[in-house]
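Input: a single structure, listed below in structure tokens.
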Amino acid sequence: MSCLMVERCGEILFENPDQNVKCVCMLGDVRLRGQTGVPAERRGSYPFIDFRLLNNTTHSGEIGTKKKVKRLLSFQRYFHASRLLRGIIPQAPLHLLDEDYLGQARHMLSKVGMWDFDIFLFDRLTNGNSLVTLLCHLFNAHGLIHHFKLDMVTLHRFLVMVQEDYHSQNPYHNAVHAADVTQAMHCYLKESKLASSLTPLDIMLGLLAAAAHDVDHPGVNQPFLIKTNHHLANLYQNMSVLENHHWRSTIGMLRESRLLAHLPKEMTQDIEQQLGSLILATDINRQNEFLTRLKAHLHNKDLSLEDVHDRHFMLQIALKCADICNPCRIWEMSKQWSERVCEEFYRQGDLEQKFELEISPLCNQQKDSIPSIQIGFMTYIVEPLFREWARFTGHSALSESMLSHLAHNKAQWKRLLPNQRRSSSSGGGSGGPDHTGPGTEAEGQTVTEGDAL
């Protein structure tokens, strides 16, 4: 099989038209820096975590020598990024859907703005390409391809890069979650209170941020990376470690794909910075910061969506809502997401136990049940944010529907609580377990830390 190397490092083009594939094989432990000065990471730069190294951590506090780690991570990057190395031949890029399912998937896309959209079914119909297919459709439906003069093949290549850099082995933080958040973001962008003020740039930023907000997520949370001395925790000084990585990885893919290369330099710089602001807002540890600010705006009635800063703030709030909207979906889908995220928690807890690390909050399968985790999450994180979102939208039909689903789902989880916990929380009403005194704040903090994956 003959192939032709092209200028961009690592790209291979096959000369045979029947083998119309591109494979990115990134070599070396390298980070990109563009003219904007914003560091960007090459795709695949987040290695699979080799937990064999953790044995050293418990004794020496370090994971081997820097040289050893660099050599290992370089190989892991190469192994992760190169599909051909694993014997996988990518499909032709524009064949998004299998023919048998094309009609059903198109029918679903015609209802993509409905809140009961089943992302799990859509992912099956698109043969695991829900994120790419959804984004191509939404970019076209919103007129973004025409407005920004985007090349469709380049857009598709970029979206494939994003989708492939999600880890399919993660029960929760995978490309299906990204597609689900993107579909929710689309619904929020259509809210009349917001839609009338949005520019094409706002819409593109919202969709891109939703699609890439968890890209290359390792399936463990920030405290885990910190206590295992992961290189990203050191790089970002233990502050919004995952969110910074998601953002910088997204910038790297945008530059590598050259999706926006035809736009003015000042505009691309602004897009990169705004994407960062949106993705960094999804850090669950900043929940109170954004909630307090939103409450103040609504109380003072001083939000002006004609103002670019206020509009961007509401895009941040919309993305935060989309990121944690699972408890507001219909029960059948909400329950699936709850089981998936808890499975990811438990996997981390099992790893921590195996390597004699302190088990993180909510990650102990023997002590932390799915119902108790979900009730706490709904009570302290989801309900306060979505109540304020409903106020912002003027209690729109969608926001009221989400609050209704949230109340129903919370009641369902309360019925599934172990008997002892159920009896002790029976007086809590719709607010979940009846916590009083200092325990309330403590449990709320535990929920926040445990969910910050």
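In case you wondered, yes, glycine gets a Cβ from its N, Cα and C as well.
Caution: TrEMBL annotation is automatic and unverified by curators.
Here's what TrEMBL has on this protein:
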DOMAIN    97-420  domain 'PDEase'
ACT_SITE  His173  active site, proton donor
BINDING   His177, His213, Asp214, Asp323  Zn(2+) 1 binding site
REGION    419-453  region 'Disordered'
All chains considered, the count of other Cβ atoms within 10 Å of the Cβ of His173 (active site, proton donor) is 24
The mean pLDDT across the domain 'PDEase' (97-420) is 96
Quick note, His177 (Zn(2+) 1 binding site): same-chain residues at least 6 apart with CB under 8 Å of its CB -> Tyr166, Asp214, Trp337
In whole Å, note down how far the CA of Asp323 (Zn(2+) 1 binding site) lies from the CA of His173 (active site, proton donor). 11
Give me the long-range Cβ neighbours of His213 (Zn(2+) 1 binding site): same chain, 6+ apart, Cβ under 8 Å, in sequence order. Ala178, Val181, Glu243, His246, Leu278, Ile279, Thr282, Leu319, Asp323
Cβ-Cβ neighbours of Asp214 (Zn(2+) 1 binding site) (radius 10 Å): 25
Excluding His177, His213, Asp214, Asp323, which residues of the same chain place their Cβ within 8 Å of the centroid of the Cβ atoms of the recorded Zn(2+) 1 site? His173, Ala178, Val181, Ala210, His217, Thr282
